[in-house]
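Reading through the structure tokens given below for one structure.
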Amino acid sequence: MSDQQQPPVYKIALGIEYDGSRYYGWQRQNEVRSVQEKLEKALSQVANEPITVFCAGRTDAGVHGTGQVVHFETTAQRKDAAWTLGVNANLPGDIAVRWVKAVPDDFHARFSATARRYRYIIYNHRLRPAVLSKGVTHFYEPLDAERMHRAAQCLLGENDFTSFRAVQCQSRTPWRNVMHINVTRHGPYVVVDIKANAFVHHMVRNIVGSLMEVGAHNQPESWIAELLAAKDRTLAAATAKAEGLYLVAVDYPDRYDLPKPPMGPLFLAD
């Protein structure tokens, strides 16, 4: 077939929501369940050809997403309903497409992104939850959310996050730019909301682990600033559990005009 006869290639972006509790992370791996593998299988069924997706951020085992963004290329010409309702019909109940948008050739779910936003949900109660046990992290000591918020503000701007970086992190640099970090209480729930240009491995969970020590009055408010300055992961608290973490939004330049659905999760407004 000559070049003139090649079918056109379409580039499509999707918004994805998933409960990560039954998966070994986003990334496709041999012999274990991954969100990517389930999504690619469903897309391939609708497209009637093999589909490979590229995501904005690869979440770890047990981590959830309400605002994950992916893109893929296909020669299949389908209506939007096929990429949403049709794909959802082929997905397990804990993964769903939220929106679809045709994007130009220069769009890339990861490399076009300008910021990522995560929310970490702590169920702060003496007794553990049952219904949402895989969607929140239980912490039984009373937490002072206002104290946590004040302590976290030293993390704003460009900083070296070595103290909050996993030992096995493969990023070339520990420097990241945090645009906002807010800690708020909603009844028994404490929510840590953090947005940055990018994150080193386990950065949000490591920050939350240390903030909980401050919130429980086990460490002074100044401790977070001291950890940041020390650039030593061994001095910080243990990594917070995966189940409370959600990728809630990814920012892109306005020219792509991607949909911006409510971030959530659950009861949380934007």
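Each residue, glycine too, has its Cβ placed from N, Cα and C.
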Annotated stretch (region 'RNA binding', per Swiss-Prot) among the listed ranges 92-96, 107-111, 162-166: 107-111
Of the residue ranges 48-52, 168-172, 173-177, which one carries the region 'Interaction with tRNA' annotation in Swiss-Prot? 168-172
Count of other CB atoms lying within 10 Å of the CB belonging to R126 (site 'Interaction with tRNA'): 9
Neighbour tally for R58 (site 'Interaction with tRNA'), based on other Cβ positions within 10 Å of its Cβ: 16
Taking the Cα atoms as reference points, how far is R110 (site 'Interaction with tRNA') from F139 (site 'Interaction with tRNA') in Å? 33
Among the recorded positions R58, D60, R78, Y118, R126, which ones place their C-alpha within 10 angstroms of the C-alpha of F139 (site 'Interaction with tRNA')? R126
Quick check: of the recorded positions listed here (R58, D60, R78), which one has the Cα closest to that of R126 (site 'Interaction with tRNA')? D60
